[in-house]
Structure formats: structure tokens, C-alpha cells
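Since the structure comes first, as C-alpha cells, the remarks are kept for the end.
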């Protein structure tokens with residue numbers, strides 16, 4: 001069988017065979033850690049989706065995190081529906097696609113949860129939903145989460161993962177920063193505990209508001225934590241910044257984070273903090 005044509009090029013038959021073989025290989029068969037560049041066989045990764053080399057936690061959905069984080073959970077405000085107040089081109093289609101992919105009505109899951117004998121209110125931002133962007137329904141759900149916790153004297157745990165305010169909703173998206181912060185202040189005034197867990201990525205308006213307002217601020221290893229992105233900083237300052245400038249470990253070193261916790265330890269750490277660091281209900 002002739003492999004090459006006269007001009008020393010692969011025959012069309014072999015090119016087509018290569019394309020057919022490539023099409024049979026799943027896109028998610030291999031994963032590359034964005035931090036240490038280690039190539040991982042996806043099927044060998046555990047339920048926590050962490051890199052065995054550097055501990056980086058890959059971006060996961062809210063439902064994936066729920067599966068190993070809590071013993072039980074009941075969702076809240078699932079009927080709220082995101083609108084398109086500015087008639088932004090293509091936004092409705094993007095929303096529908098994100099809702100189908102994530103199974104959520106917007107970029108955050110909220111509800112009442114339990115770990116062991118500790119009851120608390122839980123919020124998990126989902127980076128698979130338009131990169132966890134902060135929209136009006138996201139802000140409304142988190143606000144209601146804190147209001148419910150204040151009313152029922154419960155601590156709140158919030159996992160942040162966001163690219164910032166959602167541009168398709170304009171100023172109404174930015175308003176959520178102040179609205180959520182007000183609900184947090186009322187929760188704090190009631191003497192209740194608020195724990196934040198920063199995951200990759202936590203940036204923009206979320207970092208500038210409720211992500212940094214916790215009584216205890218935890219972070220996952222190697223998580224990106226910052227306000228503006230690396231490229232924006234470098235273009236604005238005309239200075240090349242260190243590769244690890246916005247890594248959680250560096251943010252911890254400068255005092256903005258209290259502790260870094262692996263996903264494997266999050267459940268026990270949160271239970272301990274809420275049991276001994278928060279107001280107890282009789």
C-alpha cells in the first residue's frame with residue numbers, strides 16, 4: 001500500500017483515516033493543569049478534581065461540589081428567572097445554554113445545608129455559568145440567602161467563583177455588590193458567622209465586595225484571586241507582573257486570606273469553624 005503520493009505527501013486516504021481516529025478521541029480525555037502544566041488522564045482524577053502535582057482545584061460546577069461537600073442540602077429560590085433588561089444581543093441564547101449546561105437558573109446555587117450536626121446556609125457560585133458572573137438574579141439569590149440566615153440565626157458559607165459583574169446587565173449588575181453587602185452587614189450585626197471560600201477564579205466586582213467581607217476567608221490552593229486580570233494590569237502599568245502574583249498563596253502572604261484549605265479538608269474544616277466559631281442555636 002502506498003503511503004505517499006508522488007510529491008511525497010500523505011494520501012487523502014490516510015489523512016481521512018487520521019481525522020476519523022481523532023474524532024473518536026473524547027475532548028476531555030486528558031487535562032492539563034494550568035498551574036504546573038502537568039498532563040493528567042481525566043479518568044484517573046478523583047471526585048475532588050484536583051491536580052496531584054500542585055494541589056490546584058480544577059473549575060467544577062456547583063452540583064459537583066455539593067456531591068462531596070455536605071451531608072444534605074435543600075435548594076432555595078429555584079424559580080427566580082434571569083431577565084434581559086437591556087435587550088443585549090445574544091444574551092438570551094447565552095443564558096439558555098448556560099442554564100441547560102449547569103442545571104441552575106443563574107450562576108449561584110443557594111440553599112440550606114447540613115454537615116454532621118451543623119446546620120447552615122450555603123451558596124456556591126458556578127464558573128460553568130457564564131464564568132460565574134454576577135447578575136441581578138445572582139445578587140438577589142445571595143441576598144435572600146443572608147436574609148434567611150439572619151432570620152433563622154444560621155451561619156453562612158459562600159464559595160466564590162466569578163469573572164466579575166455581568167456586562168450584559170450593565171449598572172443593574174453592579175448594584176448587586178452593594179445589595180449583597182447590605183445583607184451581609186445585617187447578618188453580621190446579628191452576631192452570626194460568615195465564611196468565604198475563594199475558588200478559581202475570584203475576580204472583579206465579587207472580589208471588590210462580598211468575597212472579602214467574611215469573618216473567615218479561606219481559599220483553595222493556587223486559586224486565582226484578584227480584581228483586574230493579569231493582562232489588564234500589565235497593559236495599564238506597562239510592567240510585567242510575577243506569574244504567581246494573584247495566586248491564593250501570595251494573597252495569603254499579604255494578609256488578605258486567613259488560611260488555604262484543600263478540597264479534601266473543606267468539609268471537616270467548615271464544620272469545625274461553624275461549630276466552635278459561630279453562634280449556637282439551642
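From the backbone N, Cα and C atoms, a Cβ is placed for every residue, glycine too.
Zinc finger is the annotation Swiss-Prot gives to one range among 33-54, 55-76, and that range is 33-54.
One way to see the shell of the Zn(2+) site is to take the Cβ centroid of 33, 36, 51, 54; the remaining same-chain residues with a Cβ within 8 Å of it are 34, 35, 37, 38, 52, 53, 55, 56, 222.
Here the domain 'CoA carboxyltransferase N-terminal' (29-282) has a mean pLDDT of 94 out of 100.
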